[in-house]
Amino acid sequence: MKAGTLYLDGVSVVFDGFRALNSLSLVIEPGELRAIIGPNGAGKTTMMDIITGKTRPTAGTVQFGDHDLTRMDEAAIAELGIGRKFQKPTVFDALTVFENLELALKAPRDPWSCLRWVLPPAARRRIEATLAEIGLADRAGARAAILSHGQRQWLEIGMLLMQEPQLLLVDEPVAGMTDQETEHTAALLRRIAGQRSVVVVEHDLEFVRALGEKVTVLCEGAVLSEGSIDRVQNDPRVIEVYLGR
Amino acid sequence: MSATTAETPRLRPTRALILRGLLLAGLLILALLPLLNRLPPDHALHASDFIVSVSGKWMCYAMLALAIDLAWGYAGILSLGHGAFFALGGYAIGMHLMRLIGPRGVYGHPVLPDFMVFLGWTELPWYWWGFQFFPFALLMALAVPGLLAGLLGWLAFRSRITGVYLSIITQAMTYALMLAFFRNDMGFGGNNGFTDFKELLGMKLNTAGARAALFYAALLSLSGAVLLCRHLTRSKLGRVLVAVRDAESRVRFLGYSTVSVKLSVFVLSAMLAGLGGALYVPLVGIINPGEFSPGNSIEAVIWVAVGGRGTLVGALLGAFSVNAVKTWLTSFAPDLWLFALGGLFVAVTLFLPRGLIGLMRKGEER
């Protein structure tokens, strides 16, 4: 399989008799920006949990390139280059914006290396470049606790970028954002896709439209429809279960 | 933005300077105490034997506080059993001191400590081997707490036991050890523990010179421990610890093994506590299973809470100030101490969540 391709085939997850995912199949090509939409309970978050190793599938194949993700733990999957941005931004409040990015920087992770760590100039430049990319260059020395909601989301995206991921999973990035912040976020995600794959789970259809890429609609744990936003918006099945409500 | 943003200090420079000044002044006063003790008793600057001996004890407590602060204040591991690591370090040195008594014991046995002769034992248990050598005993004072913390931490952190559950396990650990050490057939002197020590490293223990030497050993070790902790907390590892404390699962998602991060700091913390205990026992001349009592560990946590967790100076300040109050209060109303301690803890929790150090930092949160 091509390196960097995410491949889900026939993935099912059953919690106490409830089928959160029902033989879900999905392929994300390297560099692709994909939006995933679907009503509540469609399995969007469970799908993210499966990919990141938080939940184990009951059946099915989950592969990233040649790696079988169902056999790896969360840390190993993160190490492999799959980053996840949670719905609720979790940045480290007690640390500065710069320090948050520094922790996320790809570097040896064991305690001893951390103790002896000295920030190399190249890494500092990388952090500064990321600060500029996420629009937080002027807040580098501020504690993350005092950032606005939107700024916290961007910082978290920045932290994911520092890990040089090949695949980025972004869970509802614009929930609670102002229109201007939403616009900024769409531009940010478009900018960062291409060099890596980005999967965005979102409710906000205007935002999905602003991303301007392929959309997958999930329903009851399986793919209902796939294509451009215009195509899925006009798909009668989609209208029935989701958009038409 | 400038290239130095990463090192932006949390404190305004003046206050950081004040804190550092206080720390240095404290260390300097401590360093002078044994010398002031030599002045004639009617001299204005004379430091009494009592002051010197309690300061020595407090330095050992400060090591314990530092150890707890490293685990709790930075990594969020609230151990309510750190007194056990302190006591184990103390017992390791205590075993060495017992071996050095030799034939000077009441029963005059050349090898066996008195309590073993009393119990009718004829040979030294295997786990007492090697303790006649000081370096071995010192190594054990660090290694035994370290290994115990390593085992307990590995089991707990691997199973993602955190918060109050971990605290309860550590309480149970120190309680279980207390019960075990109370038993005569454990071979650690049972109820009476170890006492009546004669010498250490060729020094007679009841001389002024030996007391001063032990005092300086404690001072040097404490200073070393502060420097070590300072280096650690200012490194990237220190920032990882803070991140683990505040959002452990997020750190895991960043690809850090939080188990190894927490384990390494917990083991280091236990070793520091063990070193504190190892310095404490020759200073006070006794160790018994009471040192394992769960209350001791909780009291030590309160020192850190009072001083201000998450700052090294806070741990030191808490250990010295709470113990100073304790020494003062118990001199005339010993029954009141537990009420005072409980009240202190409630007051700090309600009004000073960041401890005495928090008072200095008020309004600096931006």
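Glycine residues also receive a Cβ, built from the backbone N, Cα and C atoms like all the rest.
Listed in TrEMBL:
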{"type": "TRANSMEM", "residues": "B:17-36", "note": "transmembrane segment"}
{"type": "TRANSMEM", "residues": "B:74-94", "note": "transmembrane segment"}
{"type": "TRANSMEM", "residues": "B:106-128", "note": "transmembrane segment"}
{"type": "TRANSMEM", "residues": "B:134-157", "note": "transmembrane segment"}
{"type": "TRANSMEM", "residues": "B:164-182", "note": "transmembrane segment"}
{"type": "TRANSMEM", "residues": "B:213-232", "note": "transmembrane segment"}
{"type": "TRANSMEM", "residues": "B:253-280", "note": "transmembrane segment"}
{"type": "TRANSMEM", "residues": "B:300-324", "note": "transmembrane segment"}
{"type": "TRANSMEM", "residues": "B:336-357", "note": "transmembrane segment"}
Is it true that the transmembrane segment (B:74-94) and the transmembrane segment (B:134-157) have 3 or more CB pairs under 8 Å, sequence gap of 6 or more?
yes
Contact between the transmembrane segment (B:134-157) and the transmembrane segment (B:300-324) (at least 3 Cβ pairs under 8 Å, separation 6+):
no
Contact set of the transmembrane segment (B:17-36) with the rest of its chain, CB cutoff 8 A exclusive, min separation 6+ beyond the ends, reads 11, 45-47, 51-52, 55, 59, 211-212, 215-216, 219, 223, 226, 313, 316, 320, 357, 360
Beyond the flanks of the transmembrane segment (B:213-232) by 6 or more, those residues with Cβ under 8 Å of it:
23, 27, 30-31, 33-34, 52, 55-56, 59-60, 62-63, 66-67, 69-70, 200, 203, 238, 265, 268, 272, 275-276, 279, 282-283, 312, 316
